[in-house]
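Reading through the C-alpha cells given below for one structure.
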Amino acid sequence: MSALEKSMHLGRLPSRPPLPGSGGSQSGAKMRMGPGRKRDFSPVPWSQYFESMEDVEVENETGKDISFSGSEGPVLLLLHGGGHSALSWAVFTAAIISRVQCRIVALDLRSHGETKVKNSEDLSAETMAKDVGNVVEAMYGDLPPPIMLIGHSMGGAIAVHTASSNLVPSLLGLCMIDVVEGTAMDALNSMQNFLRGRPKTFKSLENAIEWSVKSGQIRNLESARVSMVGQVKQCEGITSPEGSKSIVEGIIEEEEEDEEGSESISKRKKEDDMETKKDHPYTWRIELAKTEKYWDGWFRGLSNLFLSCPIPKLLLLAGVDRLDKDLTIGQMQGKFQMQVLPQCGHAVHEDAPDKCVSWLLLCCKYIAPEATVMPLSLPPHPARLCDTGFL
C-alpha cells in the first residue's frame, strides 16, 4: 500500500450491492445478456453513490455562507466534461471509496446539472476556473486541505486553468482525463455536426439512458443509469398530458389575435414544438451548440499550461493517437505521467472506473510518497453552486 493510499486509508462506505438489472459493476465491460433478457435502462438515484448533495453558496465571487468540519486529509475535486454533471463521477466515486478513504467533491459546473447562475451564458475558462477557486474557499476558508484536481474533457481544461492561475493554494496534484489540446482543437470544426446529430428530445429518462449506451456516449450501463439524469431535464412547461393540452390551446388562442399573414406559420411552429415536447418530454440541460464562442478559450494553449504547472501531473487517455506534439515531448522528458486505457470511449472514467482508480492510486505514490495517515470525516458528495451573488 502506497503512502498516500495509507493517508486515504480504508473506505467508509460499505460494499455496494449489485444494482437491479445491472448484474453488478461493469467496470466498462459489456454485459452478456441471456436469451430474451432485456437490459435495465431505468435511472438510479445519486444516493446510491454519494452520501450527500449540498448547495455551495457564493457571494461577490468569494465564499461566505458555508462551513465544513473535518478539514484533514486529501480531497479529490472532480470536474465533469461539457454537457455532463457531477453525477458522471458516481461510479468512479464508488470505486475509489471502496479502496481508500478520501473526500470526494464533485461539482456541477456553471450552467450544468443543478447549478443555478445569474449569468448562465458566461462559460469562459477564466470564469469557470474562478468558480472552482471560489467554491474551494467557500468550503474550506483560508486553510484548505491538500486537494487533487481531476477533470474530464472540458473539466480537464478548466482544472488546468484553475491550477495555472493558482486558484487552489493547497493543490497537490493534477489529472486530465482524455483531453489534449491538439486533438480538441482539430475536433472543434466538426463539433457542431456532432451536436446536431444527437437527439434533441427523449420520451423518458429510460429512453435517454438507452440512447447514451447504444450510441456509445457512455459504454458502461451502470454509469449511464445515474449519469444521464444529470444531463437531461424535463421540457419547460410540460407537467402532465392535461397541462400540455392547455398550454397548446392557450398558444392557439393567443395566435388568433395576430395579423393574418404570420398567424398560420407561427401557430403551426408553436403547435409542432409543443407536440414534440408532449411526445418527448426530456431535453438536454444545456445547449452546448450555443457555447461555441468559448471552445477555443478552453483548449488553446492547454498543453503548455499543463506542462508548466509546477505540481505532479497525470494524463489518462482513451487512445495514444490523442497525444499532441508538445505533450509527446513533455512525456518523453518525464514532465508528467501518462496512461492509455484502450477499449474506452471518451468518457474514460465512466467506461472503466476501476481502471481509472487503479492508475490514479499508482500516481498517488508519485504525488505524495511522504504522506502520513490522516483520518477523514467529511463524506463524499456532489456540490452545486447556488445563486446568491455572481452565481
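From the backbone N, Cα and C atoms, a Cβ is placed for every residue, glycine too.
Per TrEMBL, active site is recorded for Ser153 (among others). Counting every protein chain shown, the Cβ of Ser153 (active site) has 25 other Cβ atoms within 10 Å.
Cβ environment of Asp178 (active site): His152, Ser153, Gly156, Leu316, Leu317, Ala318, Arg322, His346, Ala347, Val348 lie under 8 Å away, each six or more residues apart in the same chain. Residues annotated as active site in TrEMBL: Asp178 (among others).
If you look up TrEMBL, you'll see His346 (among others) marked as active site.
The compositional bias 'Acidic residues' feature in TrEMBL is assigned to 251-262.
According to TrEMBL, the feature compositional bias 'Basic and acidic residues' maps to 265-276.
According to TrEMBL, the feature domain 'AB hydrolase-1' maps to 76-357.
Look at TrEMBL and you will find 1-43 (among others) tagged as region 'Disordered'.
Per TrEMBL, the feature region 'Disordered' maps to 251-276 (among others).
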Surrounding CB atoms that lie within 10 Å of the CB of His346 (active site), all protein chains: 19
